[in-house]
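Colleague: So that we are looking at the same thing, I have put the structure below in structure tokens.
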Amino acid sequence: MKPAARETRTPPRSPGLRWALLPLLLLLRQGQVLCAGAAPNPIFDIEAVVSPTSVLLTWKHNDSGASECRIENKMESNLTFPVKNQTSCNITGLSPGTSYTFSIISVTTNETLNKTITTEPWPVSDLHVTSVGVTQARLTWSNANGTASYRMLIEELTTHSSVNISGLKPGTNNSFAFPESNETQADFAVAEEVPDANGTKRIPVTNLSQLHKNSLVSVDPPSGQDPSLTEILLTDLKPDTQYNATIYSQAANGTEGQPRNKVFKTNSTQVSDVRAMNISASSMTLTWKSNYDGSRTSIVYKIHVAGGTHSVNQTVNKTEAIILGLSSSTLYNITVHPFLGQTEGTPGFLQVYTSPDQVSDFRVTNVSTRAIGLAWRSNDSKSFEIFIKQDGGEKHRNASTGNQSYMVEDLKPGTSYHFEIIPRGPDGTEGLSSTVNGSTDPSAVTDIRVVNISTTEMQLEWQNTDDASGYTYHLVLESKSGSIIRTNSSQKWITVGSLTPGTLYNVTIFPEVDQIQGISNSITQYTRPSSVSHIEVNTTTTTAAIRWKNEDAASASYAYSVLILKTGDGSNVTSNFTKDPSILIPELIPGVSYTVKILTQVGDGTTSLVPGWNLFCTEPEPVTSFHCEVVPKEPALVLKWACPFGMYTGFELGVRSDSWDNMTRLENCTSDDDTECRTEVAYLNFSTSYNISIATLSCGKMALPAQNICTTGITDPPTPDGSPNITSVSHNSVKVKFSGFEASHGPIKAYAVILTTGEAAQPSADVLKYTYEDFKRGASDTYVTYLIRIEEKGQSQGLSEVLNYEIDVGNQSTTLGYYNGRLEPLGSYRACVAGFTNITYNLQNDGLINGDESYVSFSPYSEAVFLPQDPGVICGAVFGCIFGALAITAVGGFIFWRKKRTDAKNNEVSFSQIKPKKSKLIRVENFEAYFKKQQADSNCGFAEEYEDLKLIGISLPKYTAEIAENRGKNRYNNVLPYDISRVKLSVQTHSTDDYINANYMPGYHSKKDFIATQGPLPNTLKDFWRMVWEKNVYAIVMLTKCVEQGRTKCEEYWPSKQAQDYGDITVAMTSEVVLPEWTIRDFVVKNMQNSESHPLRQFHFTSWPDHGVPDTTDLLINFRYLVRDYMKQIPPESPILVHCSAGVGRTGTFIAIDRLIYQIENENTVDVYGIVYDLRMHRPLMVQTEDQYVFLNQCVLDIIRAQKDSKVDLIYQNTTAMTIYENLEPVSMFGKTNGYIA
């Protein structure tokens, strides 16, 4: 080194680098340390003390004058520290296992002395033995920095032999097998592959046993193992030997660090878990476990078996052995010694008995139905286990005994068993089993029963006291005639066929199992006799002669039970017993369907399986006679006859005339008191004789008919089409010409000529009471001026109703009470003619015509005729006329008053000329007293009130209903809607399309609360549904049945199953609830033109008798509340459509009761009269009969009484009406009528 390079400077502060001597300057460059001393003496004898991170240098020199020591780092800079007489230097902070070159330079002589030193690697840490076996041990340690490899020294502490293993790489798994030589020292190194292009690769070993013995194998650690650990497995060690393992860490040049050691001892060989298997009387198999884990040295096992009087020795090299030549039921002590070479390990021990010998002569000694005895022989066993198994089953129980015999009890009779016996040694060791089979004796059958018997078959069942299988039952059936039938069954039942009907058999059953037969048992049983056939019945009205046949061979001993039942209800009429094949049954009911059932019986009461039977009917009782009643003003006859005795399904009604013949079946007839039948024959001709026959029908039979000749009544003559001709004769007379009326409704009895000075309105019967005197005094502008009686003229002049008549009016003639007075000059007169088929005179009123009781029709009025001026004195004539008229009026009023008084006493209500009141308002608290007053004397007061209502509204015009095109739309020609209140439909193609027989009716809240209409006709169904749609109807109240008393009262206008179209309206029923008193139906009504629809509910009251009233008031009241509850859900402007047949009687009663309930609840008053009056001003004949009028008052009384009793909520409000009074049956009631009966 040049002097220029030797300069002194302060050393840098570098962590980890310390100087032991402050005057010394240390310079590091790639492991070099330069240290300079003073010249002239050179440096010699350099020594070093090395550790993993430091080097202590010491040296000698002879330069006592050295003033400094310099250490140079030629790569960086030179550092110089003044030193004086220093001969050592401690260098720290070095890296373990690293080679360094140190140079010491003398400053004086510039001479250099170099020294290369490698620091020690760190010693291993965490050295421990992870597992130790008999010949193996596994050691692991943690790697140290700077370690390139490890060397292991293993010493056997007993023999002091050792093995040196080098080349162990950090982080690897190694395996080393100890050599078998007796060398005290051996060295081994890791084997490696030839380096490839990527460097040296260790041998990957997966099966260490495949490597050559004594080789050291190193493999890469498995994935997941800590790479900082190194492991070595030492194999082929000596058992039960102590070893010392010392680990040296080595630098790359072989420099070793401080050693670390671990002393361990291998386990000795040991036998454990010695077991004996497959133990028999003379042998057994032994198994055990060994802890030997080596592979180089073979281990052997020496077995010593000692017991009884001899022992057995055996040597094997595996952990099992078969020991033979042993004695039965002997206790043996077994020892298993392990030997590894000459070294004996820890032995294993076992003490075990051999099995006893198999028993001999195992046999069945005795047998019964419930037990089997067993016996056997054995020489070396004192305990035995017996297993008992039923054939086909599993071992279900076992028994133990110390004897050499055993009785097995509680067995099943007739059952095969399998017995197995096993001897047991003193410790319970089992010997070989022995088996024997045995069967119990079968038991006799019990409870033999005949479960089914027919004419030729017998089904038998019996019981057995056990459930044993394999039974065979032998059956023998023997009859009295000696015939024998044999058969077998494997079940406890059998069906035996080919038997003889009605025969007694002796049945015997023998049980058998495994060809062992048990005790027999027997019963006797008859087969059933055959049913009778060819049943013939001859009947009268009350008897039946019955005969039959039975073709069985044993039929001579048969008896017969004859049962007569009513067909339908099955009630027993009579039961008879006979031994003959015929019988006469008396005291039957005529016209009744009977069932005769004949059971054949034999011996002990065994009967035929099914009876022979036949249906028959007694002859119906004939109708003895009947009488005819004429229906006033109807082309009909009412027929009445005594109800025949017995039952009948109807009657065949024959009606014959000269040109007409009709047979009608009456399903039934109306009976007032169950003693008299009645029916109405309609659609006949007036005033015609008919040959009528009535025959009783029942069960398809018809009795002899009863016959009679009946003549129909008469009615008002047909209204003539033309009007009379009137011409002026003088200033006070005219001439009236007319043709006779048609006589199809009865012979014309009289004609009345009527004059009027008023409007040409259609006259009514009311005008017949007015005379010339009434006209003259101004009481009426219409009067009867002349009367022609056909009977008289017919006798004297031979005139008939087809002739033309000419009457002089004003000739001052008198006919009965009518004066043909002179006419007024300058007057305008019109004439009409009244024709009579029946004319009645009021003898108490000057012989005037009684229009109410006469059958009359009127021609239209003629055109007006004007009279000329009277040339005479007019004033006197006028005065005389007026005076005369007053006198006549007074007399007529007196006569009428007298008649009125008489009629009231006789309860005959007649027409009153007094103008009736419009209202009779009564307070609720006074109504009961009023009701009692009116009810007195057979409802006389109510009759007078009802009579006052008779003609209310009848004069109101009905022109639209009388148009020819509309007449066919009316069900009855006397129930026509008033023009003022009629319901008008939309006009479609014709001006009369707006007509339907219906009126708006006032309710409590509105004048159009209701629509009252007739029951639809087949030709008005479309109009009816058009009205429902156009008038926005949501509820229909129907108060009639479609057919009553055999007459159609209303067409069934609704669909029942599928939707139906009525013009543009489609109707579909969605539900129907049928109850005893009414039926509720729901519909959907849809207009096909605009596809709009709304719901509709029909309340069909079916308990209102024809021509009567409901049986109880609360029935109708609750029905009304049912309707009103529904109306709360629909639009308030929607009217309720109410109809019966004509739409006046029952319809008016329902509407009236609705208004009365509202009046009672809201006003605390009652006005039955006023409400009916109001209804009749909107539609004729509303509340049609007097009984209906009285019924309304009764309803009011019941409501008021219920309110007083605080029961209104219970009876009339919030009622689930569909469940009330469901079991009441309506009773027909008849009463007086006012107008047409609907």
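Just so it is clear, glycine is given a Cβ too, placed from its N, Cα and C backbone atoms.
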Colleague: Looking at N85, N1214, which one is marked N-linked glycosylation site in Swiss-Prot?
Modeller: N85
Colleague: Could you tell me the mean pLDDT over the domain 'Fibronectin type-III 7' (622-718), as a whole number?
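Modeller: The average pLDDT of the model in the domain 'Fibronectin type-III 7' (622-718) works out to 88.
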Colleague: Of the glycosylation sites N164, N244, N576, N668, which one has its Cα closest to the Cα of N685 (N-linked glycosylation site)?
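Modeller: In terms of Cα distance, N685 (N-linked glycosylation site) lies closest to N668.
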Colleague: Closest of the glycosylation sites to N398 (N-linked glycosylation site), Cα to Cα, picking from N145, N244, N253?
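Modeller: With Cα distances computed to N398 (N-linked glycosylation site), the winner among N145, N244, N253 is N244.
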Colleague: Can you tell me which of the glycosylation sites N145, N164, N253 is spatially closest to N572 (N-linked glycosylation site)? Compare CA atoms only.
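Modeller: Sorting the glycosylation sites by distance from N572 (N-linked glycosylation site), the top entry is N145.
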Colleague: Going by C-alpha distance, which of the glycosylation sites N145, N164, N173, N253, N366 is nearest to N244 (N-linked glycosylation site)?
Modeller: N164
Colleague: List the Cα distance (Å, whole number) between N173 (N-linked glycosylation site) and N668 (N-linked glycosylation site).
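Modeller: Cα of N173 (N-linked glycosylation site) to Cα of N668 (N-linked glycosylation site) measures 120 Å after rounding.
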Colleague: Which of the glycosylation sites N145, N164, N366, N576, N668 has its Cα closest in space to the Cα of N253 (N-linked glycosylation site)?
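Modeller: Given the candidates N145, N164, N366, N576, N668, the nearest one is N145.
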Colleague: By DSSP, how many residues in the domain 'Fibronectin type-III 7' (622-718) are helix, how many strand, and how many coil?
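Modeller: For the domain 'Fibronectin type-III 7' (622-718), the helix, strand and coil counts are 0 helix, 50 strand, 47 coil.
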Colleague: For N576 (N-linked glycosylation site) and N145 (N-linked glycosylation site), determine the Cα separation and express it in whole Å.
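Modeller: Distance (Cα to Cα, whole Å): 129 Å.
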Colleague: Sorry to bug you, but what's the C-alpha spacing from N164 (N-linked glycosylation site) to N366 (N-linked glycosylation site), rounded to the closest Å?
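Modeller: Cα-Cα distance, N366 (N-linked glycosylation site) to N164 (N-linked glycosylation site): 87 Å.
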